[in-house]
């Protein structure tokens, strides 16, 4: 049966969907920008919708007779300080990353060019010796170009997300004066700007790159899609530095601010007297927004690349079926349109009127997008795939039906939702696991730590079963291509996932600004409610990121094994087994580095904050201003210096193992790091999230049980703060960075596979 969607229609649908995503994000940004952060009455002309978005609502301040203009000016001043700190950090980070990008691009060119001795002659194709393909030198050049494009898109995704978040935080605070619903909409719309910009940019750049490369490659689709893998490598390499650097920055500031401010001086979390408070708020943006954006962009780029590589050596690539070949991109296009409809449910169709409606509204986003996307995938599978086709499976072509491929994508999509909800169950203080952790604070910090660790380990069970089932189903139906599209299924609702994820740090910053601007207790309660919901959704976002990373790296592993022409990976051979055991150790080595980095950076921060409290007269009384800039500089310098060793570990491992020990040992390393990395990442993220929300549960005092543990400053609360401080680097530095470790090593191995297959294993050749 012929494919219903013509090549021309495919050429139109994908870029149009991407452009719609970009336009939608700009519309959301415009609506957010209508909230003014300049003093004075701000009431745009009243239209039919003006009251819906709350432009003409009265403010709490007016009701309480407070002076409005000073508050607005103060919010604007704090917002500028946060924005400047975040921008200067990212520019410093990108200078270092830029140098790395140039050096690594040269490495890619030299390694891949040397496969055929920099020959410009055409060569027989790997999978069909009767045909000739473009020379290895072309793969080297185009892989390098794709790597740079992926890196730049990743950096841009993170930077734009950070800019939008720092633009929206004070606006969320100001809207909280009108009601919790108004503040929620501003925070959520701002998150949506980032989500849609990232999803649409990633899709558009990948689509344009494929079409430009096609001009040179012509009929050689195998070479074309092999060189496209550089795009995924660029995305992930930049994400690694964004995640690790941002994670160290945010937690050094957070731990320093908490230990001296909350524990020693007994002042509130975002008190303006605390010198580390601006650095803490900057950290939320560079770690949780810029880092998360780059991370999920990397996952998206890699799963697309893995699917395209496997498809190019299957019937789609051999028969030059353009629409079927771009099936992964069509899924992403449908995802943007589905997420657009889903977003309207949160911002336009329903209005939030009470605090307790916030978390359900965010959860509904996940459910609605998943249900609608299932229908979307069915439509794409029906119109873009022939009823039967073959998929390359370790040397043989396996016959697959289009409904089987639909099930592969759907199982990935629903596994993502399950992982999200299990993560939520273990990290939200609405359920018993976190309440038990809070209760354990009665007997001090030690029992709190024991309960938190146990919760983290336990929370791994169901996500691993969900990943295992999706791997089994998708591999049984469509081999490695099935796993690649299952990963894409999990990431197909990335725009909604990122909107929910970015909402968290924006709300967190909004609460900090409310505290620093001296706003009333009622406003702080509203921003705290937004922040508590954001904490849980941030954990859900990390669950998604780790689950998709597991599937993506497995798909990349399959593509690597195919590219390196290994027919089987035998665990019982010593070459492979040593790789397995070393690979399983790498996540621990990496976590040790990142945790210690946070610890040493936090130590410097604690010393500086203490110094200021002890030496600046009138600081504790609030009559003198702290030196925020020094704390921002400590975090910046520490994170830039400390992100290099963990980054080097991840990037150099595949190069050293592949060159010295060969592709079989490297396949063992990849399998080992995947298996142990996923477990460590999930337990670290969930332990940290549970400790954080146990502390917030005690602070909020919303239930009878919580009130028996409080109030702030009580012994159980102090124990909870210690647990939260230990959990900070686990949930925001080590845990989320591990998913990049397992993806990046796999995609790097795939890009360098021709070199390792030709020249690798030097040690075994010598002995």
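Every residue gets a Cβ built from N, Cα and C, even glycine.
All TrEMBL annotations are machine predictions without curation.
Quantities reported herein were computed from a predicted structural model and do not represent experimental measurements.
Pulled from TrEMBL, these are the features on record:
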TRANSMEM  12-32  transmembrane segment
TRANSMEM  96-115  transmembrane segment
TRANSMEM  135-162  transmembrane segment
TRANSMEM  183-210  transmembrane segment
TRANSMEM  325-346  transmembrane segment
TRANSMEM  366-384  transmembrane segment
TRANSMEM  404-427  transmembrane segment
TRANSMEM  448-473  transmembrane segment
TRANSMEM  479-500  transmembrane segment
TRANSMEM  544-566  transmembrane segment
TRANSMEM  572-590  transmembrane segment
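With a cut-off of 8 Å on Cβ pairs spaced 6 or more residues apart, the transmembrane segment (12-32) and the transmembrane segment (366-384) reach fewer than 3 such pairs and are scored as not touching. When Cβ distances are compared across the two stretches, the transmembrane segment (544-566) makes no contact with the transmembrane segment (572-590), since fewer than 3 pairs at least 6 residues apart fall below 8 angstroms. Away from its own ends, the transmembrane segment (448-473) comes close to residues 407-408, 411-412, 415, 418-419, 422-423, 426-427, 433-434, 436-437, 440-441, 482-483, 486, 543, 546-547, 550-551, 554, 678-679, 682-684, 686-688, 690-691, 694, 719-720, 722-723, 726-727, 730 of its chain (Cβ-Cβ under 8 Å, at least six residues beyond either end). Residues of the same chain lying 6 or more positions beyond the ends of the transmembrane segment (183-210) and with a Cβ under 8 Å from any Cβ of it are 14-15, 17-22, 24-26, 28-29, 31-32, 35, 53-54, 146, 149, 153, 156-157, 160-161, 164-165, 167-168, 171-173, 175-176, 224-225, 228, 231, 235, 289, 293, 296-297, 300-301, 304, 308, 326, 329, 332-333, 335-336, 339-340, 343, 346-347, 352, 358, 361, 494-503, 506-507, 510, 526-527, 530, 534. Sequence-remote contacts of a segment are chain residues at least 6 beyond its ends whose Cβ falls under 8 Å from one of its Cβ atoms, and for the transmembrane segment (572-590) they are 646, 649-650, 653, 657, 661-662, 664-677, 680-681, 734, 737-738, 741-742, 745, 764.
Counting same-chain residues at least six beyond the ends of the transmembrane segment (325-346), those with a Cβ under 8 angstroms from any Cβ of the stretch are 5, 10, 13-14, 17-18, 20-21, 24, 28, 185, 188, 192, 195-196, 199-200, 202-203, 206-207, 210, 221, 300, 303-304, 307-308, 311-312, 316-317, 361-362, 364-365, 368-369, 372-373, 376-377, 379-381, 384-385, 405, 409, 484-485, 488-489, 491-496, 499.
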